[in-house]
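First the structure, in the form of structure tokens, and then the observations on it.
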Amino acid sequence: MAKALLKRKAASNAEKSRKKVKASHLSADDLAWKVVETPKEAGLGDDLDGILELEEVDDVEVVYEETAGGKVAKFNIVSKPDARKAKKGDERASGVAGPSTLPDNAVVEEERTAVVDEATFDSEQLLPDWHPYSLHPQLLRSLYAQKFHKPTPIQARAIPSALLGKDVVGVAETGSGKTLAYGLPILHNILVDNTARRAQRQKRTVRALILAPTRELALQVSSHLNATLNDIIAGEVKQEGEEISLPAKKGKGKQSAPAPSKPKAPPLVSVAAIVGGMSAQKQRRILDRGVDVMVATPGRLWDILQEDDNLANQLKNLRFLVLDEADRMIETGHYAELDNILRLTLRVAKDDTGDNPDMSGPEEEDRAAEANVETDNMQTFVFSATLSKDLQRNLKKKQRPNKGRKQTKPASTLDDLVMRLDFRDPEPEVIDLSPEGGMVSTLKESKVDCLMGDKDAYLYYFLLRYPGRSLVFLSSIDGIRRLMPLMELLEINAFPLHSQLEQRQRLKNLDRFKTMPNSVLLATDIAARGLDIPSVDHVVHYQIPRSADVYVHRNGRTARAMREGFSLLMCAPDERRLVRALMGSLNRQEEDIPEMAVELYMLDKLKARIQLARKIDNAQHKVKKENHEKNWLREAAEAMEIEVDSDMGLSSDDDKKPVPSKHQKKNANAKTAALKAELKQLLAQPLVARGISTRYITSGSTRIVDDMIAGQCSSTLTLAAKLRLTPHRTDHETMLGMKKTQAGHDVGESRRKKVKKQPKEEAEEWNGFGDIEVEEP
Ligand SMILES: Nc1ncnc2c1ncn2[C@@H]1O[C@H](COP(=O)(O)OP(=O)(O)OP(=O)(O)O)[C@@H](O)[C@H]1O
């Protein structure tokens with residue numbers, strides 16, 4: 001600190017001008033303090049118990065703000081110009097490099113894209129692991145730009161087969177890159193094909209249909225594919241025929257006005273998402289313009305298909321059909337729509353005038369071939385992190401039901417669905433890379449046993465104890481509605497995500513969750529599948545998932561693409577049976593999941609806050625509910641031109657209830673306000689771990705800086721004692737006396753002994769996939 005102050009006083013104007021000062025003012029607590037090492041010569045010894053622990057901070061400029069209460073010190077971080085940028089600047093100034101049209105903040109992109117030059121891009125050298133697939137150069141450049149330097153295991157297995165024209169059923173753990181495993185072969189084929197089509201000025205038709213169970217997943221898949229189509233060549237992001245300057249990074253000052261743009265040429269490959277909750281007209285317009293790859297949810301697509309024969313005809317001639325997360329799709333209540341859509345993709349015998357025949361089954365296929373069935377080369381891809389082993393075996397054995405043979409009852413609706421797909425390939429390639437027990441190796445699982453009524457407190461404890469991005473799964477929308485106001489009252493950044501929210505709101509909440517590093521998404525299982533949110537630190541199962549698959553997919557929102565992740569299962573006594581069953585389906589035991597350590601002393605303190613928040617919520621809820629009912633009644637009565645009080649008799653309930661007088665209302669409001677004030681006070685109090693004195697804390701840390709600037713810290717001891725209050729980097733921000741730790745570090749060992757891991761034959765870089773520790777039965 002002293003260093004910062006001295007620096008400020010010593011800073012010359014010349015020095016200031018060399019530094020780029022950011023305009024944001026920070027408080028002392030926001031600065032990156034580090035402990036000052038005590039010089040040995042001072043003879044103070046090592047064990048000072050923190051009393052003389054000084055902290056300092058570098059590269060901070062102090063500015064004073066005149067306020068009504070007097071002068072207040074604020075701080076600016078001064079960043080030294082980055083050597084690399086400085087060099088660039090020098091070069092520009094000296095005219096060595098030509099003037100750049102890029103904004104300053106695009107320097108990084110400029111460097112990155114410089115090598116992705118269309119003419120000189122050498123995939124053999126730059127992407128040796130991708131090179132053998134001979135993908136379209138546009139895709140290779142994009143993979144390089146996205147830093148996808150090698151294929152993931154599922155991509156390495158699926159892409160070659162798909163490029164050979166085979167049907168593929170791919171099962172691989174969550175976050176393992178399945179989207180591109182099917183996406184790259186599709187885009188490659190269409191890119192090659194479209195170059196020829198464009199030359200012949202042919203109209204676009206849908207050649208790939210990707211069906212996804214939820215709107216969010218469909219939108220995500222479509223943007224993932226679009227990002228892969230973005231051809232990044234030196235200095236610009238370019239979709240074939242389209243020129244866009246690199247987007248400036250968010251929040252980096254003013255952006256220069258866009259240069260007048262040339263009329264946009266259509267992209268070489270067009271990918272569109274057709275999902276519910278968004279303007280159907282707009283989606284129809286997009287379809288009318290022509291789409292190559294359609295990513296859709298079954299419900300909305302079937303709605304459109306019923307009115308659009310042209311589109312239905314296009315789907316009869318698909319080149320690729322994909323079922324992403326097929327197992328979830330049949331659970332979403334859209335089975336009938338899905339079935340109808342899939343019927344359009346069945347092969348039709350040329351002499352067949354009726355409904356589509358069931359062409360599945362090997363015998364039927366042979367007969368069809370003889371009976372002059374229209375041949376086509378549609379490829380079918382089915383991908384999920386969870387597909388039953390039985391289903392995979394049956395697919396291999398080609399035991400698909402057919403008309404002639406006595407049908408054995410399929411094991412599940414999913415088996416039924418997949419078995420009804422009309423694979424053109426007599427032997428679809430079944431690739432199963434799913435790990436034993438369904439869990440990703442970089443995931444740390446844990447469990448906490450608690451009473452049902454204590455789950456709110458445990459959740460609150462967890463969120464405060466381990467700040468980060470936490471995705472909390474609840475089984476019902478009502479549960480989310482109950483928890484949301486509590487979270488708000490407790491000042492937790494929480495957002496809901498469930499099917500009864502408007503689509504716009506769903507996307508907005510998802511976006512907020514994605515962009516805020518310390519936030520909570522309270523979600524139903526619509527968020528369990530496929531969503532690729534970068535850096536979800538924790539998944540919390542507030543309620544036990546209803547099946548093993550759901551458990552796997554929920555957990556799959558964290559620990560993606562080899563990142564570390566953490567999951568917590570909250571288990572009430574009544575739910576233990578479910579947990580045992582859940583683990584049983586995964587061939588595991590309840591003891592396999594280690595217990596999470598909880599600081600019960602801290603938990604008890606939090607319970608007081610929760611109780612108060614519940615009281616406030618109940619009071620507010622009661623008023624809201626009554627108001628809502630009354631308003632509804634009044635509006636209905638007005639619409640019917642009826643007097644509520646007399647004719648409808650609806651007022652009788654109201655009559656029975658004593659109408660609160662103005663005074664009573666005022667009292668109720670005052671009571672809620674008092675409760676809120678009480679909660680606010682509780683929230684403002686530091687949470688202090690057992691055995692820690694609050695002696696220093698109460699003296700307040702924020703004023704220290706002002707004191708120092710005003711020269712009121714006369715003795716070193718006073719200063720040091722006050723400085724002791726500045727939290728150290730490793731100290732927990734809200735729980736004083738506790739260390740900041742990662743959730744995974746506070747988890748005990750699994751109660752089952754682990755067998756020593758066998759040494760692997762060959763170390764792979766992407767080694768988390770399909771690799772799980774073997775445990776004793
Ligand atoms: N070859 C690659 N190298 C590095 N990262 C990749 C590669 N391919 C895909 N990724 C990234 O990995 C992440 C997970 O990919 P994706 O969403 O396709 O996983 P998934 O297997 O479909 O997961 P889920 O089963 O949960 O749907 C994405 O952020 C994606 O950009």
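Including glycine, each Cβ sits where the backbone N, Cα and C put it.
What TrEMBL lists as compositional bias 'Basic residues' is 1-10 (among others).
The region 'Disordered' annotation in TrEMBL covers 1-25 (among others).
Per TrEMBL, the feature compositional bias 'Basic and acidic residues' maps to 83-93.
What TrEMBL records for 83-103 (among others) is region 'Disordered'.
Feature annotation from TrEMBL assigns domain 'DEAD-box RNA helicase Q' to 128-156.
Annotation comment: TrEMBL describes 159-405 as domain 'Helicase ATP-binding'.
Feature annotation from TrEMBL assigns domain 'Helicase C-terminal' to 458-601.
Summarising the annotation, TrEMBL assigns coiled coil to 609-636.
According to TrEMBL, the region 'Disordered' annotation covers 646-671 (among others).
The feature compositional bias 'Basic residues' is assigned by TrEMBL to 659-668 (among others).
Positions annotated as region 'Disordered' by TrEMBL: 738-777 (among others).
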Tell me the residue counts in helix, strand and coil for the compositional bias 'Basic residues' (659-668), as DSSP assigns them. 7 helix, 0 strand, 3 coil
Find the average pLDDT over the coiled coil (609-636) in the predicted model and report it. 75
For the domain 'DEAD-box RNA helicase Q' (128-156), the DSSP residue counts stand at 16 helix, 0 strand, 13 coil
